[in-house]
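Below is one structure, written out as C-alpha coordinates; comments come after it.
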2 protein chains.
Amino acid sequence: MPRIRLTVAYVGTRYQGWQIQGRGETIQGAIEDKLARICGELVRVHGSGRTDSGVHALAQVAHFDVPESKRHIPWRQALNAMLPDDISILEAREAQDDFHARFSVRSKRYAYTLWTEPRFTMPQRAPFVWPVRGLDFEAMDQAAEVLAGTHDFAAFQNAGTEIKGTVRTLEPIVRAPGTHSAEWVFRFQADGFLKQMVRNLMGLLVEVGRGGLAPADVRPILEGCDRRKAPATAPARGLTLEEVMY
Amino acid sequence: MPRIRLTVAYVGTRYQGWQIQGRGETIQGAIEDKLARICGELVRVHGSGRTDSGVHALAQVAHFDVPESKRHIPWRQALNAMLPDDISILEAREAQDDFHARFSVRSKRYAYTLWTEPRFTMPQRAPFVWPVRGLDFEAMDQAAEVLAGTHDFAAFQNAGTEIKGTVRTLEPIVRAPGTHSAEWVFRFQADGFLKQMVRNLMGLLVEVGRGGLAPADVRPILEGCDRRKAPATAPARGLTLEEVMY
(Lines of atoms letter the chains of each structure in order from A and count residues from 1; the text may use other names and numbers.)
(Lines give C-alpha, C1' and ligand atoms only; values in the text may rest on other atoms or scores of the structure.)
Protein backbone atom coordinates (compact mmCIF):
# COMPACT_ATOMS: atom_id res chain seq x y z
CA MET A 1 0.00 0.00 0.00
CA PRO A 2 1.26 3.48 -0.81
CA ARG A 3 2.52 5.38 2.22
CA ILE A 4 1.73 9.09 2.48
CA ARG A 5 3.89 11.41 4.56
CA LEU A 6 2.31 14.54 6.05
CA THR A 7 3.80 17.69 7.51
CA VAL A 8 1.23 19.20 9.87
CA ALA A 9 1.04 22.56 11.66
CA TYR A 10 -1.41 23.15 14.49
CA VAL A 11 -2.44 25.41 17.30
CA GLY A 12 -2.87 22.93 20.14
CA THR A 13 -4.91 25.16 22.46
CA ARG A 14 -8.25 23.42 22.12
CA TYR A 15 -6.97 19.85 21.65
CA GLN A 16 -6.14 17.06 24.06
CA GLY A 17 -2.76 16.73 22.38
CA TRP A 18 -1.71 14.92 19.23
CA GLN A 19 -2.67 11.36 20.06
CA ILE A 20 -6.13 9.85 20.15
CA GLN A 21 -7.26 9.25 23.71
CA GLY A 22 -10.35 7.98 25.39
CA ARG A 23 -12.01 11.36 25.31
CA GLY A 24 -11.51 14.85 23.92
CA GLU A 25 -10.55 16.09 20.49
CA THR A 26 -7.01 15.37 19.27
CA ILE A 27 -5.05 16.35 16.19
CA GLN A 28 -4.58 12.73 15.13
CA GLY A 29 -8.29 12.17 15.65
CA ALA A 30 -9.23 15.18 13.52
CA ILE A 31 -7.04 13.99 10.64
CA GLU A 32 -8.23 10.37 10.89
CA ASP A 33 -11.81 11.61 10.89
CA LYS A 34 -11.28 13.42 7.56
CA LEU A 35 -9.33 10.48 6.09
CA ALA A 36 -12.19 8.15 6.99
CA ARG A 37 -14.58 10.42 5.12
CA ILE A 38 -12.33 10.44 2.06
CA CYS A 39 -11.50 6.73 2.12
CA GLY A 40 -14.68 5.28 3.55
CA GLU A 41 -12.74 3.30 6.11
CA LEU A 42 -10.47 3.77 9.12
CA VAL A 43 -7.01 4.96 8.10
CA ARG A 44 -4.57 4.97 11.01
CA VAL A 45 -2.28 8.01 11.21
CA HIS A 46 1.14 7.57 12.84
CA GLY A 47 2.77 10.69 14.25
CA SER A 48 6.47 11.28 14.96
CA GLY A 49 5.46 11.26 18.61
CA ARG A 50 2.87 12.69 20.95
CA THR A 51 2.54 16.33 21.80
CA ASP A 52 0.80 17.22 25.06
CA SER A 53 -2.55 18.91 25.39
CA GLY A 54 -2.07 22.59 24.55
CA VAL A 55 1.29 22.13 22.78
CA HIS A 56 1.61 23.52 19.24
CA ALA A 57 3.44 22.42 16.12
CA LEU A 58 4.96 24.21 13.15
CA ALA A 59 5.87 20.94 11.43
CA GLN A 60 4.75 17.70 13.07
CA VAL A 61 5.33 14.72 10.76
CA ALA A 62 2.98 11.77 10.33
CA HIS A 63 2.29 8.98 7.88
CA PHE A 64 -0.57 6.74 6.80
CA ASP A 65 -1.10 3.95 4.29
CA VAL A 66 -3.85 3.99 1.69
CA PRO A 67 -5.23 1.47 -0.79
CA GLU A 68 -3.66 1.60 -4.24
CA SER A 69 -6.91 3.04 -5.63
CA LYS A 70 -6.47 6.15 -3.44
CA ARG A 71 -2.84 6.69 -4.35
CA HIS A 72 -3.34 9.85 -6.41
CA ILE A 73 -5.71 11.78 -4.21
CA PRO A 74 -4.37 15.33 -3.64
CA TRP A 75 -4.14 14.76 0.10
CA ARG A 76 -3.00 18.23 1.10
CA GLN A 77 -5.81 20.02 -0.71
CA ALA A 78 -8.41 17.45 0.29
CA LEU A 79 -7.51 17.50 3.98
CA ASN A 80 -7.06 21.28 4.21
CA ALA A 81 -10.49 21.78 2.67
CA MET A 82 -12.01 19.73 5.52
CA LEU A 83 -9.81 20.49 8.52
CA PRO A 84 -10.53 23.41 10.87
CA ASP A 85 -8.38 26.56 10.73
CA ASP A 86 -6.23 25.47 13.67
CA ILE A 87 -4.82 22.43 11.82
CA SER A 88 -3.11 22.74 8.45
CA ILE A 89 -1.37 20.24 6.19
CA LEU A 90 1.78 21.96 4.90
CA GLU A 91 2.84 19.07 2.69
CA ALA A 92 1.68 15.60 1.67
CA ARG A 93 3.82 13.34 -0.46
CA GLU A 94 4.40 9.69 -1.08
CA ALA A 95 7.12 8.19 1.11
CA GLN A 96 9.27 5.10 0.80
CA ASP A 97 7.75 1.92 2.24
CA ASP A 98 10.39 1.85 4.96
CA PHE A 99 9.70 5.40 6.12
CA HIS A 100 8.05 5.47 9.53
CA ALA A 101 7.08 8.82 11.07
CA ARG A 102 8.05 7.61 14.54
CA PHE A 103 10.72 4.97 14.13
CA SER A 104 12.71 6.80 11.44
CA VAL A 105 13.16 10.00 13.49
CA ARG A 106 16.77 11.13 13.72
CA SER A 107 16.17 14.18 15.89
CA LYS A 108 13.58 16.76 16.87
CA ARG A 109 13.62 20.42 17.72
CA TYR A 110 11.23 22.16 20.09
CA ALA A 111 10.92 25.86 20.89
CA TYR A 112 9.75 27.12 24.26
CA THR A 113 8.70 30.78 24.42
CA LEU A 114 8.79 32.91 27.56
CA TRP A 115 6.90 36.22 27.86
CA THR A 116 8.84 38.67 30.05
CA GLU A 117 6.66 41.82 30.11
CA PRO A 118 5.14 41.73 33.60
CA ARG A 119 2.37 44.32 33.05
CA PHE A 120 0.41 42.44 30.39
CA THR A 121 0.53 39.59 27.87
CA MET A 122 -0.32 40.52 24.29
CA PRO A 123 -3.49 38.53 23.52
CA GLN A 124 -2.15 37.76 20.04
CA ARG A 125 0.72 35.89 21.72
CA ALA A 126 -0.97 34.57 24.87
CA PRO A 127 -1.73 31.07 23.51
CA PHE A 128 1.95 30.55 22.63
CA VAL A 129 3.91 31.84 25.63
CA TRP A 130 4.56 31.35 29.33
CA PRO A 131 4.44 34.71 31.15
CA VAL A 132 7.31 34.95 33.65
CA ARG A 133 9.00 37.86 35.34
CA GLY A 134 12.31 39.01 36.73
CA LEU A 135 14.49 36.24 35.31
CA ASP A 136 18.29 36.19 35.41
CA PHE A 137 19.02 35.04 31.86
CA GLU A 138 22.75 34.73 32.39
CA ALA A 139 22.18 32.23 35.19
CA MET A 140 19.76 30.36 32.90
CA ASP A 141 22.37 30.22 30.14
CA GLN A 142 24.88 28.75 32.61
CA ALA A 143 22.34 26.13 33.69
CA ALA A 144 21.54 25.34 30.07
CA GLU A 145 25.21 24.59 29.39
CA VAL A 146 25.17 21.88 32.04
CA LEU A 147 22.18 20.18 30.43
CA ALA A 148 23.61 19.88 26.92
CA GLY A 149 25.31 16.62 26.00
CA THR A 150 24.61 12.91 26.37
CA HIS A 151 23.02 12.23 29.75
CA ASP A 152 20.49 10.07 31.53
CA PHE A 153 17.57 12.53 31.61
CA ALA A 154 15.41 10.46 34.01
CA ALA A 155 15.11 13.50 36.31
CA PHE A 156 13.20 15.22 33.52
CA GLN A 157 10.78 12.45 32.59
CA ASN A 158 7.27 12.53 33.99
CA ALA A 159 5.46 9.38 35.06
CA GLY A 160 3.12 7.44 32.81
CA THR A 161 5.41 6.14 30.12
CA GLU A 162 6.74 2.69 29.36
CA ILE A 163 9.97 3.84 27.75
CA LYS A 164 12.95 1.98 29.22
CA GLY A 165 16.08 3.86 28.21
CA THR A 166 16.33 7.43 29.44
CA VAL A 167 19.68 8.43 27.93
CA ARG A 168 19.41 11.13 25.29
CA THR A 169 21.78 13.51 23.52
CA LEU A 170 20.70 17.13 23.86
CA GLU A 171 22.30 19.72 21.58
CA PRO A 172 23.35 23.04 23.15
CA ILE A 173 20.19 24.93 24.14
CA VAL A 174 19.91 28.12 22.08
CA ARG A 175 18.24 31.25 23.44
CA ALA A 176 17.03 33.80 20.87
CA PRO A 177 14.64 36.79 20.69
CA GLY A 178 11.08 35.89 19.72
CA THR A 179 8.40 37.40 17.49
CA HIS A 180 7.56 40.09 20.05
CA SER A 181 10.13 42.19 21.89
CA ALA A 182 8.91 40.76 25.23
CA GLU A 183 9.74 37.20 24.16
CA TRP A 184 12.71 34.91 24.60
CA VAL A 185 12.71 31.57 22.79
CA PHE A 186 14.67 28.56 24.04
CA ARG A 187 15.35 25.90 21.42
CA PHE A 188 15.91 22.27 22.39
CA GLN A 189 17.17 19.74 19.86
CA ALA A 190 17.84 16.10 20.71
CA ASP A 191 17.87 12.62 19.21
CA GLY A 192 14.74 11.98 21.24
CA PHE A 193 12.77 13.40 24.13
CA LEU A 194 11.31 11.70 27.19
CA LYS A 195 7.76 12.42 28.34
CA GLN A 196 7.43 16.17 29.00
CA MET A 197 11.22 16.48 28.94
CA VAL A 198 11.31 19.94 27.30
CA ARG A 199 8.71 21.30 29.70
CA ASN A 200 10.67 19.84 32.63
CA LEU A 201 13.96 21.27 31.38
CA MET A 202 12.28 24.64 30.90
CA GLY A 203 10.78 24.43 34.39
CA LEU A 204 14.29 23.93 35.75
CA LEU A 205 15.75 26.81 33.74
CA VAL A 206 13.04 29.22 34.88
CA GLU A 207 13.56 28.15 38.49
CA VAL A 208 17.25 29.02 38.06
CA GLY A 209 16.24 32.32 36.42
CA ARG A 210 14.07 33.14 39.43
CA GLY A 211 16.95 32.41 41.81
CA GLY A 212 15.23 29.43 43.43
CA LEU A 213 18.13 27.30 42.25
CA ALA A 214 21.72 28.21 41.41
CA PRO A 215 23.36 27.05 38.16
CA ALA A 216 25.57 24.87 40.35
CA ASP A 217 22.49 22.99 41.56
CA VAL A 218 21.72 21.70 38.08
CA ARG A 219 24.35 18.97 37.78
CA PRO A 220 23.33 17.17 41.00
CA ILE A 221 19.68 17.28 39.89
CA LEU A 222 20.58 15.89 36.45
CA GLU A 223 22.85 13.21 37.89
CA GLY A 224 20.39 12.31 40.65
CA CYS A 225 17.94 10.95 38.02
CA ASP A 226 15.07 11.63 40.42
CA ARG A 227 12.10 13.51 39.01
CA ARG A 228 11.00 14.50 42.52
CA LYS A 229 14.18 16.53 43.03
CA ALA A 230 13.67 18.66 39.92
CA PRO A 231 11.41 21.74 39.64
CA ALA A 232 7.85 21.71 38.32
CA THR A 233 6.89 21.17 34.68
CA ALA A 234 6.51 24.34 32.60
CA PRO A 235 3.03 24.98 31.09
CA ALA A 236 2.20 23.36 27.76
CA ARG A 237 1.14 26.51 25.95
CA GLY A 238 4.70 27.90 25.62
CA LEU A 239 5.86 24.81 23.72
CA THR A 240 5.98 24.33 19.94
CA LEU A 241 7.33 21.35 18.01
CA GLU A 242 9.36 23.11 15.32
CA GLU A 243 10.98 20.37 13.27
CA VAL A 244 11.31 16.60 13.01
CA MET A 245 14.44 15.43 11.25
CA TYR A 246 14.83 12.09 9.43
CA MET B 1 -14.79 62.75 38.13
CA PRO B 2 -11.35 61.37 37.35
CA ARG B 3 -10.97 60.18 33.75
CA ILE B 4 -9.02 56.98 33.09
CA ARG B 5 -7.40 56.34 29.71
CA LEU B 6 -6.89 52.74 28.61
CA THR B 7 -4.73 51.18 25.91
CA VAL B 8 -6.29 47.84 24.96
CA ALA B 9 -5.04 44.96 22.81
CA TYR B 10 -7.40 42.24 21.63
CA VAL B 11 -7.87 39.31 19.31
CA GLY B 12 -11.24 40.11 17.76
CA THR B 13 -12.02 36.64 16.41
CA ARG B 14 -14.78 35.68 18.83
CA TYR B 15 -16.26 39.16 19.35
CA GLN B 16 -18.97 41.13 17.57
CA GLY B 17 -16.52 44.02 17.29
CA TRP B 18 -15.57 46.72 19.76
CA GLN B 19 -18.92 48.38 20.36
CA ILE B 20 -21.81 47.07 22.44
CA GLN B 21 -24.65 45.91 20.23
CA GLY B 22 -27.99 44.33 20.73
CA ARG B 23 -26.53 40.86 20.89
CA GLY B 24 -23.21 39.08 20.98
CA GLU B 25 -20.08 39.65 23.02
CA THR B 26 -18.08 42.82 22.37
CA ILE B 27 -14.78 44.17 23.66
CA GLN B 28 -16.44 47.26 25.11
CA GLY B 29 -19.03 45.03 26.75
CA ALA B 30 -16.38 42.77 28.31
CA ILE B 31 -14.54 45.76 29.79
CA GLU B 32 -17.75 47.42 31.05
CA ASP B 33 -18.77 44.14 32.62
CA LYS B 34 -15.55 43.99 34.67
CA LEU B 35 -15.75 47.70 35.55
CA ALA B 36 -19.29 47.19 36.82
CA ARG B 37 -18.05 44.43 39.08
CA ILE B 38 -15.26 46.63 40.41
CA CYS B 39 -17.37 49.78 40.78
CA GLY B 40 -20.75 48.32 41.62
CA GLU B 41 -22.40 50.44 38.94
CA LEU B 42 -22.45 50.94 35.17
CA VAL B 43 -19.30 52.68 33.96
CA ARG B 44 -19.52 53.67 30.28
CA VAL B 45 -16.37 53.03 28.22
CA HIS B 46 -15.73 55.28 25.21
CA GLY B 47 -13.47 53.86 22.49
CA SER B 48 -11.53 55.77 19.84
CA GLY B 49 -13.96 54.26 17.37
CA ARG B 50 -15.56 50.97 16.46
CA THR B 51 -13.72 48.01 15.10
CA ASP B 52 -15.73 45.46 13.11
CA SER B 53 -16.53 41.94 14.20
CA GLY B 54 -13.35 39.87 13.82
CA VAL B 55 -10.98 42.87 13.62
CA HIS B 56 -8.03 42.92 16.04
CA ALA B 57 -6.19 45.65 17.92
CA LEU B 58 -2.65 46.09 19.16
CA ALA B 59 -3.48 49.40 20.85
CA GLN B 60 -7.10 50.54 20.84
CA VAL B 61 -7.62 53.55 23.11
CA ALA B 62 -10.62 54.15 25.36
CA HIS B 63 -11.58 56.20 28.39
CA PHE B 64 -14.04 56.08 31.27
CA ASP B 65 -14.89 58.26 34.25
CA VAL B 66 -14.97 56.96 37.81
CA PRO B 67 -16.12 58.36 41.15
CA GLU B 68 -13.42 60.13 43.16
CA SER B 69 -13.45 57.24 45.65
CA LYS B 70 -12.25 54.86 42.91
CA ARG B 71 -9.50 57.14 41.64
CA HIS B 72 -6.56 55.08 42.87
CA ILE B 73 -7.64 51.61 41.85
CA PRO B 74 -4.85 49.90 39.87
CA TRP B 75 -7.05 49.57 36.80
CA ARG B 76 -4.63 47.69 34.57
CA GLN B 77 -3.96 44.96 37.11
CA ALA B 78 -7.59 44.78 38.24
CA LEU B 79 -8.99 44.50 34.72
CA ASN B 80 -6.31 42.10 33.43
CA ALA B 81 -7.00 39.79 36.37
CA MET B 82 -10.64 39.55 35.28
CA LEU B 83 -10.53 39.80 31.49
CA PRO B 84 -10.15 36.72 29.26
CA ASP B 85 -6.82 36.00 27.54
CA ASP B 86 -7.94 37.55 24.25
CA ILE B 87 -8.31 41.05 25.74
CA SER B 88 -5.45 42.76 27.56
CA ILE B 89 -5.05 46.22 29.10
CA LEU B 90 -1.57 47.42 28.12
CA GLU B 91 -1.80 50.68 30.05
CA ALA B 92 -4.23 52.55 32.29
CA ARG B 93 -3.52 56.07 33.46
CA GLU B 94 -5.36 59.19 34.52
CA ALA B 95 -6.07 61.55 31.64
CA GLN B 96 -6.90 65.27 31.46
CA ASP B 97 -10.59 66.13 31.79
CA ASP B 98 -10.65 67.34 28.20
CA PHE B 99 -9.20 64.11 26.78
CA HIS B 100 -11.80 62.16 24.83
CA ALA B 101 -10.85 58.80 23.29
CA ARG B 102 -12.97 59.50 20.22
CA PHE B 103 -13.12 63.28 19.76
CA SER B 104 -9.44 63.93 20.53
CA VAL B 105 -8.11 61.52 17.89
CA ARG B 106 -5.55 63.10 15.56
CA SER B 107 -4.93 60.06 13.38
CA LYS B 108 -5.07 56.27 13.34
CA ARG B 109 -3.02 53.53 11.78
CA TYR B 110 -4.34 50.15 10.67
CA ALA B 111 -2.42 47.17 9.33
CA TYR B 112 -3.94 44.72 6.88
CA THR B 113 -2.11 41.41 6.45
CA LEU B 114 -2.24 39.25 3.31
CA TRP B 115 -1.18 35.60 3.29
CA THR B 116 0.36 34.68 -0.08
CA GLU B 117 1.31 30.99 0.28
CA PRO B 118 -1.36 29.21 -1.77
CA ARG B 119 -0.78 25.66 -0.49
CA PHE B 120 -1.72 26.27 3.14
CA THR B 121 -2.25 28.92 5.82
CA MET B 122 -0.22 28.53 8.99
CA PRO B 123 -2.83 27.96 11.72
CA GLN B 124 -0.84 30.20 14.09
CA ARG B 125 -1.45 33.07 11.63
CA ALA B 126 -4.87 32.13 10.21
CA PRO B 127 -6.92 34.39 12.53
CA PHE B 128 -4.88 37.43 11.46
CA VAL B 129 -4.53 37.16 7.69
CA TRP B 130 -6.45 37.09 4.42
CA PRO B 131 -5.20 34.24 2.20
CA VAL B 132 -4.82 35.42 -1.39
CA ARG B 133 -2.85 34.13 -4.34
CA GLY B 134 -1.02 35.26 -7.44
CA LEU B 135 -1.01 39.00 -6.77
CA ASP B 136 0.89 41.57 -8.82
CA PHE B 137 2.34 43.68 -6.01
CA GLU B 138 3.82 46.30 -8.31
CA ALA B 139 0.38 47.02 -9.74
CA MET B 140 -0.97 47.23 -6.19
CA ASP B 141 1.74 49.73 -5.23
CA GLN B 142 0.78 51.87 -8.22
CA ALA B 143 -2.86 51.75 -7.21
CA ALA B 144 -1.94 52.60 -3.62
CA GLU B 145 -0.18 55.75 -4.79
CA VAL B 146 -3.40 57.03 -6.34
CA LEU B 147 -5.29 56.57 -3.08
CA ALA B 148 -2.90 58.54 -0.84
CA GLY B 149 -3.74 62.18 -0.22
CA THR B 150 -6.81 64.23 0.67
CA HIS B 151 -9.86 62.84 -1.13
CA ASP B 152 -13.55 62.25 -0.79
CA PHE B 153 -13.48 58.55 0.09
CA ALA B 154 -17.24 57.99 -0.29
CA ALA B 155 -16.56 55.12 -2.73
CA PHE B 156 -14.93 53.28 0.17
CA GLN B 157 -17.60 53.81 2.83
CA ASN B 158 -20.11 51.05 3.48
CA ALA B 159 -23.73 51.78 4.25
CA GLY B 160 -25.11 52.07 7.77
CA THR B 161 -23.39 55.16 9.10
CA GLU B 162 -24.64 58.65 9.81
CA ILE B 163 -21.34 60.40 9.19
CA LYS B 164 -21.80 63.37 6.87
CA GLY B 165 -18.34 64.40 5.65
CA THR B 166 -16.45 61.78 3.69
CA VAL B 167 -13.23 63.69 2.96
CA ARG B 168 -10.17 62.22 4.67
CA THR B 169 -6.42 62.56 4.34
CA LEU B 170 -4.72 59.21 3.81
CA GLU B 171 -0.94 59.01 4.24
CA PRO B 172 1.04 57.01 1.67
CA ILE B 173 0.14 53.33 2.06
CA VAL B 174 3.19 51.37 3.18
CA ARG B 175 3.74 47.74 2.21
CA ALA B 176 6.15 45.73 4.36
CA PRO B 177 7.01 42.07 5.07
CA GLY B 178 5.01 40.51 7.90
CA THR B 179 5.78 38.15 10.79
CA HIS B 180 5.83 35.12 8.50
CA SER B 181 7.65 34.95 5.16
CA ALA B 182 4.31 34.37 3.37
CA GLU B 183 2.89 37.67 4.65
CA TRP B 184 2.69 41.18 3.27
CA VAL B 185 1.38 43.93 5.53
CA PHE B 186 -0.26 47.09 4.16
CA ARG B 187 -0.34 50.01 6.60
CA PHE B 188 -3.00 52.71 6.31
CA GLN B 189 -2.73 55.91 8.33
CA ALA B 190 -5.28 58.73 8.10
CA ASP B 191 -6.82 61.53 10.13
CA GLY B 192 -9.95 59.41 10.23
CA PHE B 193 -11.53 56.42 8.54
CA LEU B 194 -15.03 55.91 7.18
CA LYS B 195 -17.01 52.77 7.89
CA GLN B 196 -15.00 49.74 6.67
CA MET B 197 -12.77 52.10 4.69
CA VAL B 198 -9.55 50.14 5.20
CA ARG B 199 -11.22 46.86 4.26
CA ASN B 200 -12.70 48.53 1.17
CA LEU B 201 -9.35 50.05 0.15
CA MET B 202 -7.73 46.65 0.66
CA GLY B 203 -10.46 44.98 -1.39
CA LEU B 204 -9.65 47.38 -4.22
CA LEU B 205 -5.90 46.82 -3.99
CA VAL B 206 -6.29 43.03 -4.06
CA GLU B 207 -8.61 43.32 -7.07
CA VAL B 208 -5.86 45.29 -8.82
CA GLY B 209 -3.32 42.67 -7.71
CA ARG B 210 -5.47 39.94 -9.24
CA GLY B 211 -5.67 41.84 -12.51
CA GLY B 212 -9.42 42.40 -12.29
CA LEU B 213 -8.72 46.12 -12.33
CA ALA B 214 -5.79 48.10 -13.72
CA PRO B 215 -4.02 50.76 -11.64
CA ALA B 216 -5.47 53.30 -14.10
CA ASP B 217 -8.99 52.24 -13.05
CA VAL B 218 -8.44 53.43 -9.50
CA ARG B 219 -8.75 57.18 -9.97
CA PRO B 220 -12.18 57.01 -11.68
CA ILE B 221 -13.45 54.74 -8.90
CA LEU B 222 -12.12 57.11 -6.22
CA GLU B 223 -13.49 60.20 -7.97
CA GLY B 224 -16.81 58.51 -8.75
CA CYS B 225 -17.66 58.43 -5.03
CA ASP B 226 -19.96 55.47 -5.68
CA ARG B 227 -19.52 52.47 -3.38
CA ARG B 228 -21.26 50.22 -5.94
CA LYS B 229 -18.48 50.84 -8.47
CA ALA B 230 -15.69 49.71 -6.13
CA PRO B 231 -14.65 46.08 -5.43
CA ALA B 232 -15.87 44.02 -2.48
CA THR B 233 -14.86 44.59 1.13
CA ALA B 234 -11.83 42.58 2.34
CA PRO B 235 -12.44 40.13 5.21
CA ALA B 236 -12.26 41.46 8.76
CA ARG B 237 -9.75 38.96 10.08
CA GLY B 238 -6.78 40.46 8.19
CA LEU B 239 -7.26 43.85 9.86
CA THR B 240 -5.55 45.14 13.02
CA LEU B 241 -5.86 48.59 14.60
CA GLU B 242 -2.22 49.33 15.36
CA GLU B 243 -2.15 52.81 16.83
CA VAL B 244 -4.37 55.74 17.73
CA MET B 245 -2.59 59.10 17.82
CA TYR B 246 -3.71 62.13 19.87
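Backbone N, Cα and C define each Cβ position, glycine as well.
Heads up, TrEMBL stuff is auto-annotated, nobody curated it.
Keep in mind the model is a prediction, meaning the values are calculated, not measured.
Per TrEMBL, the features are as follows:
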type: ACT_SITE; residues: B:Asp52; note: active site, nucleophile
type: BINDING; residues: B:Tyr110; note: substrate binding site
type: DOMAIN; residues: B:8-103; note: domain 'Pseudouridine synthase I TruA alpha/beta'
type: DOMAIN; residues: B:143-246; note: domain 'Pseudouridine synthase I TruA alpha/beta'
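Cβ neighbour count for B:Asp52 (active site, nucleophile): 21 (other Cβ atoms within 10 Å of its Cβ, all protein chains included). Here B:Tyr110 (substrate binding site) is positioned 13 angstrom away from B:Asp52 (active site, nucleophile), judged by their C-alpha atoms.
Under DSSP, B:Asp52 (active site, nucleophile) is assigned to coil, being neither helix nor strand in the three-state scheme. Under the DSSP three-state reduction, B:Tyr110 (substrate binding site) is assigned to strand. Listed in sequence order, B:Arg187, B:Phe188, B:Gln189, B:Phe193, B:Val198, B:Leu239, B:Thr240, B:Leu241, B:Glu242 are the same-chain residues at least 6 apart in sequence whose CB falls under 8 Å from the CB of B:Tyr110 (substrate binding site). Secondary structure of the domain 'Pseudouridine synthase I TruA alpha/beta' (B:143-246) per DSSP (helix as H, G, I; strand as E, B; remaining residues coil): 37 helix, 27 strand, 40 coil. Along the domain 'Pseudouridine synthase I TruA alpha/beta' (B:143-246), the predicted structure has mean pLDDT 96.
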